[in-house]
Amino acid sequence: MADNAEGSATKLSFKVKTSGDGLHSITIGEFSTVLDLKTKLSGEDYENISVDRMRLIYSGRVMKNEEPLSTYKIKNGNTIHMVKSAASNPTPANTSAAASTLAQPAVPPNMSAGTSANNPLDHLTGARYAGFANLPSADLFGPNGGMGAPPSMDEVADMLSNPQSAQLLNEAMSNPGFLDMMIENNPMLRNLPNAREILQQQLPTIRHLMSDPEAMRNMMRMRSMFEGGMPGAGGAGGAGGFPAPGATDTSGSNPASGGQQANPFAGLMGGNPFLNPFGAQPPSYARSTPGTGGAASPGAAISTPGANTTASSGGATAGSNDSNTGAGAGATGASQPQAGSPGAAQANPFAALFSAMNQAQGGAGAGAAGSPGVGAGQNPPMNPFMADPQAMQNMLQNLGLGGGAAAAPADNRPPEERYADQLRQLNDMGFTDFDSNVTALRRSGGSVQGAIEYLLSG
Amino acid sequence: MAAAKVPRNFRLLEELEKGEKGQGAEACSYGLDDPEDLLMSNWNGTILGPPHSVHENRIYSVKMHCGKDYPDKPPEIWFRSQINLPGVDITTGKVDRQHLRCLAEWKREHTMETILIELRRFMASSQNKKLQQPAEGTMYDQEPTLPA
């Protein structure tokens, strides 16, 4: 993040508000020109649009490219408005979702345009990735063009250990549009206001989990165990490549799985927002690898049947889940293969995840993997993860924090940003003290009504 | 509500802060022409051309002058960017008070933001949104003659 100011120049910190909903905090030397600022804003981290489409306005003045920022006497913490002009010629629709409110390209970028409004992988059918990856040989697809049984988990893991696939995966994961798609495709993530930030912060971890064959193996081992505890569900998946129900791999000799009528993990798998991202990711990953239809995708084959079958049975099972013992047993079972597996460290987040879920679900406090004090205060009766964004944030954080650290505050945006609307309303009503407004809003959880009551009574 | 009258400078400071921090409406921006001016008389504003009109994607600059009587009397408004709009003088860009409801029926509660927003709405109104406009970026030659 180099800026072009001389070392002695004072740094200016200000916000740039875009005509979408974007808000960027920028720090730059005061002798940088407006053009420097625009160049910085045009980067992938920010707006990802070309400099000449950007117009900046501060204090009622349009900022001129060649002038230094000091001309405009911007004070720290103030806001510059950015206006995006229409593209004079269509640019690739690689803008992030924040920017997607404006500037739709006039010409479809490729033949798959229009299939999905928010699918950044559209480009994969374009020329951008041509020659980037070798097309897979026909035998990768298996008989019937890959429509047969999905490959075994070991095959998937082997494929993942191929550096080329890993590279492609990384490429996809570092595309902000891809994250947007993940979030868009997942209702639970969509409801989470800062899902995007969380995902971005945790990106290295997720990427690691997705691309490390060992982590993948661990996950699958756990998965197959869960499936084992869910008679019939695995069969419904119709996946020949999957271990048959009950006949899971030997490492997962789960004592809790046999004949449990209420397997808490069935619900967890169904409603588990953590696994869902993975459910969403591998298909697109697969699409990116061979550059052909998703049917050949091993990743998709692994994760989608699970998502489908468990999701359908999950709600019901979770509803009938009343056995704390089952939860505890399940947790211990889950931790077994990890201990024996070489990638135990990678598996830890999951252990924490599941134990946190157990706690929240039944108040069982299974604690098999030393849950980081999450969910201790929450004792909702039934699967809370379907509705409770807080719990989900906790889980996402666990995922990144490896289960050991305390959960960071969930929403780390500054209050003036988070409560912008509410603050405006309060201001309009005559409550002008910023600090007490924020305090009140915090107490009321963002409800203006509650904040007013607090302000009036306090 | 017999609230105390907010004195001119307090009121202008309030507006200045709102403008600089970008708390107001997104389509309008305003700030002091000269941040050192203690009287806070001369202001710049921009109006982002309303969508679905000829003004779309254009930025219009205006100048505003808040006299000593502000906010009891409305400020004077000039367009700096050339615009073809009823009530805007073709040579100077001065906005005729009678053409804008919020100026003609000025109230103390009105702010410069009120004016900018109403101007923008006026530009987007059905009778004005299709008016032929001068090339983007052309300015009025004549600097408005401001009272000292």
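Count begins at 1; order follows the chain as displayed.
Cβ coordinates are placed from backbone N, Cα and C, and glycine is handled just like the others.
TrEMBL annotations: computationally assigned, not manually curated.
Going by TrEMBL, these are the annotated features:
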- A:12-89: domain 'Ubiquitin-like' (DOMAIN)
- A:226-345: region 'Disordered' (REGION)
- A:229-243: compositional bias 'Gly residues' (COMPBIAS)
- A:248-263: compositional bias 'Polar residues' (COMPBIAS)
- A:297-345: compositional bias 'Low complexity' (COMPBIAS)
- A:361-381: region 'Disordered' (REGION)
- A:362-376: compositional bias 'Gly residues' (COMPBIAS)
- A:414-458: domain 'UBA' (DOMAIN)
Using a Cβ cut-off of under 8 Å, list the residues of the same chain at least 6 residues beyond the domain 'UBA' (A:414-458) that approach it.
23
Tally of DSSP helical, extended and coil residues in the domain 'Ubiquitin-like' (A:12-89):
15 helix, 29 strand, 34 coil
Secondary structure content of the domain 'UBA' (A:414-458), with strand meaning DSSP E or B:
34 helix, 0 strand, 11 coil
Across the domain 'Ubiquitin-like' (A:12-89), average pLDDT on the 0 to 100 scale:
80
